[in-house]
Amino acid sequence: MMRIVLFLLTNLAVMLVFGIILSLTGIQGSSVQGLMIMAGLFGFGGAFVSLLMSKWMALRSVGGQVIEQPANEVEHWLVETVRSQAEQVNIAMPQVAIYAAPDINAFATGARRNASLVAVSSGLLDNMSRAEAEAVIAHEISHIANGDMVTMTLLQGIVNTFVIFISRLLAQAVSSFLSGNSDEEESNSSGNPIVYMVASMVLEIVFGILASIITMWFSRYREFHADAGSAKLVGREKMIAALQRLKTSYEPQEEGGMMAFCINGKSKTFSELFMSHPPLDKRIEALRSGQYLNK
């Protein structure tokens with residue numbers, strides 16, 4: 001989940017910075033076609049900047065340390081497990097990192113399949129059996145082998161393009177209306193530049209949040225495939241055991257609305273649309289039924 005959250009936050013930040021610069025400098029599409037081209041350039045630009053920065057951002061955010069030379073038996077096992085699985089799926093050896101955190105967690109990121117990173121938390125190494133940890137690592141290796149980050153980037157670029165395009169069209173209409181421009185003036189002016197800038201920023205945030213429903217759906221879909229990839233690499237039972245360990249480790253104490261933010265995803269409310277991972281029960285059931293194993 002961390003790689004998705006970091007990717008989306010970085011992407012949103014880049015989009016907002018681009019939007020502010022364009023508004024302050026007065027650089028805007030002179031026509032609908034021009035606006036679409038500009039939206040595409042900055043929409044995909046934000047997504048690819050996020051992708052290129054993903055490893056650096058991820059390591060910096062968690063304080064992760066890349067293992068250059070294994071210092072102990074645990075690090076040696078981790079590096080060799082990643083190496084073995086990478087060879088099985090025909091990708092270059094990813095960088096391997098550990099970060100200090102009590103949570104059972106791991107993530108994979110990187111701009112290319114052959115220039116990737118796999119990071120695991122100390123909580124995962126301390127609280128999971130080797131078989132369970134092996135399955136989690138295989139899940140992350142499957143994300144890399146499947147090219148999920150690049151595919152997510154392309155999807156995010158398309159979503160960004162439409163968010164920027166629609167937001168700026170509506171912002172221009174709002175600004176022109178509040179400025180009292182005539183129809184002729186409206187076609188050549190965005191009205192009050194301050195109103196236009198504020199309206200476009202607010203609309204980009206709102207539409208960006210709504211558009212995240214699409215990217216989160218795709219993320220949940222790819223999680224099922226990564227689970228299946230792990231099952232193929234290390235065995236279905238190991239992956240099921242790892243998910244069951246996650247389920248017992250993250251049994252929620254919160255009530256009501258807060259339950260939606262728990263990793264096990266038991267809540268079946270509207271907020272599930274914004275979850276990057278499917279509920280653990282659904283993932284376990286998909287593995288048991290073999291729903292994604294032959295896809």
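From the backbone N, Cα and C atoms, a Cβ is placed for every residue, glycine too.
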Recorded Zn(2+) site member, picked from Glu68, Glu223, Glu237, that accompanies His139, His143 in Swiss-Prot: Glu223
8 Å Cβ shell about His139, His143, Glu223 centroid, Zn(2+) site members excluded: Ala108, Glu140, Ser142, Asp148, Arg222, His225, Ala226, Asp227, Gly229, Ser230
Under 8 Å by Cβ from His143 (Zn(2+) binding site), counting only residues of that chain that are 6 or more apart: Ala108, Met149, Arg222, Ala226, Gly229
Structural state of Glu223 (Zn(2+) binding site), classified by DSSP into three states: helix
For Glu140 (active site): DSSP state (helix, strand, coil): helix
Sequence-distant neighbours of Glu140 (active site) in its chain (C-beta under 8 A, six or more apart): Ala106, Phe107, Ala108, Val118, Ala226
Neighbourhood of Glu223 (Zn(2+) binding site), C-beta criterion under 8 angstroms, separation at least six: Ser276, His277, Pro278, Arg283
